[in-house]
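Undergrad: Sequence annotations record features per position, and here TrEMBL assigns Mg(2+) binding site to B:44, B:62, B:320. Feature annotation from TrEMBL assigns Fe cation binding site to B:65, B:356. Residues or ranges marked as Ni(2+) binding site in TrEMBL: B:65, B:353. Per TrEMBL, domain 'NADH-quinone oxidoreductase subunit D' is recorded for B:116-275, B:282-359.
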C-alpha cells in the first residue's frame, strides 16, 4: 500500500452535487454527515471545491439545464475519481421517467462507478456505497501508478 | 470598481442549484439577476396519468414537505369526487402534517445557523431532528418520503400504543426544543449577526405577496390554517405567529416559535383519536370530474393544487403553485444593497427549496 493510497483510504473528500430530484436523498446525505450517522469518523469530509474531491455524489436525474454544469464539475476533479449515483432516479430515472425535463439517468452523462438505489435511500445505504467507492478509488489509483511505471520502463 | 460575480449554481451555501448574478461595487451588491430552472423536470405533465397514483407523484415534488404535497393533492382530488374522508383519517393526516412541519423548521433553523458559521448548533439541531424522523419511521415506515396518503384516506392507522408513545415523544421533544431555543435566543453572537440584516418591510411583503414564515416575520398575519381551515384545523385552535421586524432574526424566530405550536397541535389531536371508529379508508364510487383546488399551509407557506378531471381515470390537468415559488421574488430586493457576505445568509433564511420552485 503506497502512502497516497493509505491517506486516501483514511480520508476521502466528497463533493455533493444535486442535479435535480426532490430533496429526499439530499436530506439523507445531510443526515449522514451529522451526529446520528456521523461519516466524518471515517474521515469523510464534505468539500465544496471539485478540485479537492475524490468522490462525487450525484443526487437526482440530471436535468437538461444542469447537464453542462455537471460535466464541467466532473472534468475539474483530479484523477483518480469515483462517481456515485444515489437514489433510484439517479440510477434509472425512476419516477421521473417520461417527464420532459431531464436526461433519464446519470449514466447518460457521466461514467458511473457505484449505484445506490432506493427511493429515498437510507443513510446506511449511502455509507455502504461510500465503502464500496473507496475500494474502487484505490483500484484506480493502483492502475494509474502501474501505467506510470510501465511508461517509465518503456522510456528507459 | 464594479465587478460581476456568479453566485452559484454549484455553491457551498445552498444544497440545491440556483444562480444569482451579482453586480458588486466594492463590498456592496448593486444589482442582482436571479436565474432558476436548474431543477425543472416537468413533473406536472406526469400527473396526467392515474389519479390514484397522484399522491405518490406529489410526494416526489419536494422531499421536505412531502406529506403536505400529497395531502393537498388528495384534498383537491376528493373534492372532485365528492368524497367524505373518515374522521380518523383526517386526524392522522393532521398529526403527520404537524410532525413534518416540526422536522422542516428544525432543519431550516439549523441550516440558517450553518450559513453564519455556527456549525455546532447546526449539528445539535440535526440531532434533535433525528428524533422526529424516528417517530416518522415508527408511524409510517419511512424516514423522509412517507407514502402515507391515498385518495380517500390514509394507508396506516395510529393505534392507542402508538398514540401513547407519541405523547411521550412530545414531552421529550419539547424539552429538547426549549434547550435549543435558549441557546439561540440568549446567544449574543447570533443576535448581533442576524438582527437588522435583510429587512423586508410589511409593505414590501404585502406587495410581493410572500407567504409563510417570511410573511409572518414581516408582521403579515396570514396562515392558511387560520384563514381557511382544512383537515382538522377548524377544531384545533391555531393562531398565526407574527414577528414585527422583518429581518433575518424575525424570520428565524417565527420558525422557532412554530416548533412549540406544532407540538401543541399534536397534543390536541392525540386525545381525539380515542373512541373514533377505526375506519381510515373510503373507496370512491365516482371518477374525478370538474375542476377544483385545494390549499394547505406547508412549512414554507401556502401551497396550492389545482386539479381538473375528465370523468376518466386519467386527469386532464394538475397545476401546482408551491410556497417557495411565491417567496422567490422576495430574494431579489433583499439581496440588492446588502453586503456580499450576507447574500447566502439572506437566501437561506427564506428556506429555499429549489425542488419546489422549479418542479
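Cβ atoms here come from the backbone N, Cα and C positions, even for glycine.
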Undergrad: Which three-state DSSP class does residue B:356 (Fe cation binding site) fall into?
TA: helix
Undergrad: List, in sequence order, the same-chain residues at least six positions removed whose CB sits under 8 Å from that of residue B:44 (Mg(2+) binding site)?
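TA: For residue B:44 (Mg(2+) binding site), the qualifying residues are B:318, B:319, B:320, B:359.
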Undergrad: May I ask you to pick out the binding-site residues among B:44, B:62, B:65, B:320, B:353 with a CB closer than 8 angstroms to chain A's CB atoms, ordered by sequence, or 'none' if no residue qualifies?
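TA: So the ones by chain A are B:62, B:353.
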Undergrad: Neighbourhood of the Mg(2+) site (B:44, B:62, B:320): other residues with Cβ within 8 Å of the Cβ centroid, in order?
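TA: Residues close to the Mg(2+) site, other than B:44, B:62, B:320: B:43, B:58, B:61, B:69, B:322, B:356, B:359.
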Undergrad: Just to verify a number: CA distance, residue B:353 (Ni(2+) binding site) to residue B:62 (Mg(2+) binding site), in angstrom, no decimals.
TA: 8
Undergrad: When DSSP states are folded down to helix, strand and coil, where does residue B:44 (Mg(2+) binding site) land?
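TA: Once the DSSP labels are grouped into three classes, residue B:44 (Mg(2+) binding site) ends up as helix.
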Undergrad: Tell me which residues of the chain lie with their Cβ under 8 angstroms from that of residue B:62 (Mg(2+) binding site), as long as they are six or more apart in sequence?
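TA: For residue B:62 (Mg(2+) binding site), the qualifying residues are B:69, B:322, B:353, B:355, B:356.
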Undergrad: Among B:65, B:320, B:353, the binding-site residues in question, whose Cβ has the most other Cβ atoms within 10 Å in this structure?
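TA: When each Cβ's neighbours within 10 Å are tallied, B:65 leads.
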Undergrad: With every protein chain in view, what's the tally of Cβ atoms within 10 Å of the Cβ of residue B:356 (Fe cation binding site), excluding that atom itself?
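TA: A 10 Å sphere around the Cβ of residue B:356 (Fe cation binding site) contains 27 other Cβ atoms.
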